[in-house]
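Copied from Swiss-Prot, the annotated features are:
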- Gln88, Gly106, Glu107, Gly108, Lys109, Thr110, Asp496: ATP binding site (BINDING)
- Cys828, Cys830, Cys839, His840: Zn(2+) binding site (BINDING)
Amino acid sequence: MLQTLISKFLGSRNNKLIKHYLKEVQAINALESTYNTLSDAQLQEAFMQLRKLIQNGETSLQSILHKSFAITREASKRVLGMRHFDVQLIGGMALNDGRIAEMKTGEGKTLVATLAVCLNALCGRGVHVVTVNDYLANRDAKELEPLYNFLGFEVGIITSEVRDDNERLQAYACDIVYGTNNEFGFDYLRDNMKYDLSQKVQGEHYFAIIDEVDSILIDEARTPLIISGPVNRTLEHYQLANSVAQRLKNEEDFSIDEKNRVILLNEEGIKKAESLFKVDNLYSIENAALSHHLDQALKANYLFIKDKDYVVQNDEVVIVDEFTGRLSEGRRFSEGLHQAIEAKEKVDIKEESQTLADITFQNYFRLYEKLSGMTGTAQTEASEFLQIYNLEVVSIPTNVPVQRKDLNDLIYKSEKEKFNAVIDKIQELYKKGQPVLVGTASIEKSEILHELLKKHRIPHTVLNAKQHTKEAEIIKDAGVKGAVTIATNMAGRGVDIKINDEIRELGGLYIIGTERHESRRIDNQLRGRAGRQGDPGISQFYLSLEDSLLRIFGSDKIKGIMERLGLKEGEHIESGLVTRSVESAQKKVENLHFESRKHLLEYDDVANEQRKAVYKLRNELLDENCSLQERISTNRELTAQSMLYKAQILPGDDSSNFNIDSLKAQINEELGLEIGNCENLDYDELLEKLITQMNTAYEEKMSKLEESQRAQIERIIYLQVLDSSWREHLYTMDNLKTGIGLRGYNQKDPLVEYKKESYNLFLEFVENLKFETTKMLQIIQLRDKEEEVANKMIKNLQDELEENLQDLNTNMDSTPVRKNKIARNDPCPCGSGKKYKVCHGKSGPKSGLLA
């Protein structure tokens with residue numbers, strides 16, 4: 001009842017929006033006769049006038065929307081030979097209003113984007129169009145560039161092939177930038193690791209339009225973007241844990257929970273593992289690493305399946321994106337799982353990595369002042385878009401009514417029977433000449449179908465992650481007569497399948513789904529490949545009780561029906577009731593995934609506030625006009641207080657109890673200072689003396705430099721310590737996040753505990769930052785030829801920072817690049833001529849987070 005009321009309300013809300021937009025469409029159409037009589041030069045001049053009005057602040061985007069849309073449509077007609085339909089104008093307005101335009105396949109989403117892009121690009125603040133892969137970013141930018149150029153805009157493209165920072169800088173400087181979600185996100189993280197404001201490439205986050213918005217903001221939202229560096233850990237444990245895991249047996253030694261993707265050892269399994277590892281207690285503190293490696297090895301061997309979750313290519317394990325079926329090059333599983341899979345597959349094991357910078361897609365895209373998106377399937381996740389991103393979904397009517405027939409699911413008892421039925425259907429369609437597109441849920445299943453079709457001598461084409469480079473050509477030809485195409489998940493393909501009149505007579509493209517995906521949206525995308533622009537088409541799913549969705553989440557109702565009917569081999573059941581039961585199983589999984597994404601976001605929101613504060617400070621430090629004098633002075637006072645506290649000298653204590661010898665030794669060790677007579681001084685006098693002496697020593701040293709050199713050294717050292725401390729803080733936060741779930745056993749909310757602990761860790765990080773910067777600045781040694789030494793030192797520091805930045809590998813692991821360690825008796829790299837141990841190596845052991 002409640003659901004009906006909600007759907008009625010939502011339906012009416014959508015209808016109201018469409019009615020409102022239709023009035024706007026009439027106003028845009030009324031201008032068409034005005035603009036189609038203008039010459040090209042006059043049309044360009046009319047658009048240029050709008051640009052001047054906006055940039056001079058004389059009008060708003062909303063007030064010139066009708067003119068901008070009408071001019072863009074006229075320009076598109078002349079330059080691209082394509083005129084925007086009325087429904088496309090509605091889509092453009094939804095995008096401009098910061099909404100998600102749900103438009104069916106073949107409705108021309110790529111062209112719709114031009115309307116909102118051109119209007120918002122008039123501000124001169126940059127518009128980012130985000131796509132799911134490099135192919136689509138290149139294709140869309142190049143196809144639409146003539147239109148944008150005609151209207152006076154420059155277009156930039158950001159893909160994984162653009163490695164040079166100068167090229168990226170030029171691309172981002174353009175009015176309109178096309179690129180992938182990963183590249184935009186990583187550029188943001190890399191920008192916040194740069195040591196010069198002029199090297200930052202991305203600029204401001206004004207307006208973004210996300211193509212295939214559900215794929216990026218929903219499917220990929222569980223995967224954070226991570227820039228990482230190596231952690232030196234021994235690799236033998238992975239091989240040992242793998243051999244132990246392979247000797248343990250399912251059900252006898254452990255149980256598998258497929259729903260939650262967890263493997264639990266039983267008593268027998270623990271005893272066997274302890275015997276194989278030759279340890280007394282697998283779960284003691286000293287064996288914590290072994291138990292962790294065993295957990296990951298069990299997952300690698302019994303939960304992660306080759307050619308479904310990953311492929312082995314060129315002696316490397318490459319992840320397969322479960323939603324798009326594409327290879328996720330450069331991405332790695334975290335927490336040692338990737339290494340466990342490498343051990344299982346007997347390929348080179350790469351080192352584990354430590355997070356240097358990270359952000360989730362949710363928090364990256366929420367940086368934009370205005371955000372919108374387009375997709376063929378968004379209504380099933382409308383509530384999530386609204387809750388997480390504050391994005392409303394508008395279903396745009398189709399230009400021509402959809403003619404496709406969506407038949408009920410056919411359910412078989414076993415997978416073998418299901419595949420035989422699919423082959424029979426393909427044979428029937430192939431003889432008729434009707435093209436068929438077969439969707440599979442994994443590479444493994446597409447290979448099974450491939451072998452069966454070869455056996456029956458039916459010519460066909462396979463599109464899965466292994467052939468992703470040829471996907472556009474394969475999909476384009478899927479609508480020709482007699483074509484049989486097998487494809488893993490069709491999400492985000494972005495290529496239309498066009499058919500001719502002969503195929504229309506045969507009934508159009510026939511879609512066969514061999515398994516229901518965990519998300520209804522992916523199934524709808526597969527169905528949506530047929531019936532574009534009013535073409536005929538048919539879609540039907542073939543399922544079996546052995547499919548993972550039905551096995552893990554399916555209700556007993558379906559199994560009960562099958563048993564009562566007493567079906568013989570090869571027979572199936574087909575009814576609306578069964579189809580609805582399958583959809584209810586999908587809803588269960590979607591809710592699970594939603595909770596998982598929400599959970600990830602709740603945790604990342606905590607880190608996000610800290611990230612914003614650190615990046616804000618970093619940007620202030622990068623500003624050459626930033627003066628650190630006051631900050632350094634305050635930090636010096638706090639450091640002096642910290643030194644007294646470490647020596648157990650506290651305010652209000654009697655001076656006869658002060659351990660002055662301990663204080664002197666500590667100050668000499670940490671700051672390289674000799675302090676004079678401190679006997680009989682009270683706390684305040686002692687603190688004042690220490691601050692004065694630190695200040696005198698510092699000013700005496702720095703006064704030999706020019707003001708600009710001094711400021712630059714202070715800024716670079718501050719940045720160096722900030723980055724080092726932030727890396728350590730992220731590492732500590734990672735460790736905290738890994739174990740925080742266990743607090744639930746103590747009747748405590750893990751999220752509340754995480755917030756408390758991370759806040760305390762952040763306070764510790766801030767204190768350490770202040771102490772370490774003061775210490776570093778105090779121990780800098782400047783000798784003769786001050787200017788030359790200072791310049792050399794600045795250059796050395798900058799070179800080291802740049803080298804560190806270049807050594808970082810994007811995402812989760814890569815072969816580490818090791819820097820040579822400076823021996824204690826080597827000359828100090830600062831150029832002082834002293835040995836390292838008595839110059840910059842003198843600072844003593846690091847403490848706290850920097851240990």
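Cβ coordinates come from backbone N, Cα and C, glycine included.
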Given the recorded ATP site (Gln88, Gly106, Glu107, Gly108, Lys109, Thr110, Asp496), which additional residues of the same chain have their Cβ within 8 Å of the Cβ centre, ordered by sequence?
-> Met103, Thr105, Leu111, Val112
Binding-site residues compared (Glu107, Asp496) - the one with the fewest other Cβ atoms within 10 Å | Asp496
For Thr110 (ATP binding site): intrachain residues, at least 6 apart, with Cβ closer than 8 Å | Asp140, Glu143, Leu144, Asp211
Any idea of the Cα spread of the ATP site, Gln88, Gly106, Glu107, Gly108, Lys109, Thr110, Asp496, as a max distance in Å?
-> 17
Measure the Cβ-based neighbour count of Lys109 (ATP binding site), defined as the other Cβ atoms within 10 Å of its Cβ.
-> 25
Reduced DSSP assignment, Thr110 (ATP binding site) = helix
Which entry in the list of binding-site residues, Gly106, Gly108, has its Cβ near the fewest other Cβ atoms, using 10 Å as the limit?
-> Gly108
Can you name the residues of this chain that are 6 or more positions from Gln88 (ATP binding site) yet have a C-beta less than 8 Å from its C-beta?
-> Glu107, Gly108, Leu111, Val112, Leu115, Asn399
In the three-state DSSP scheme, Gln88 (ATP binding site) belongs to helix
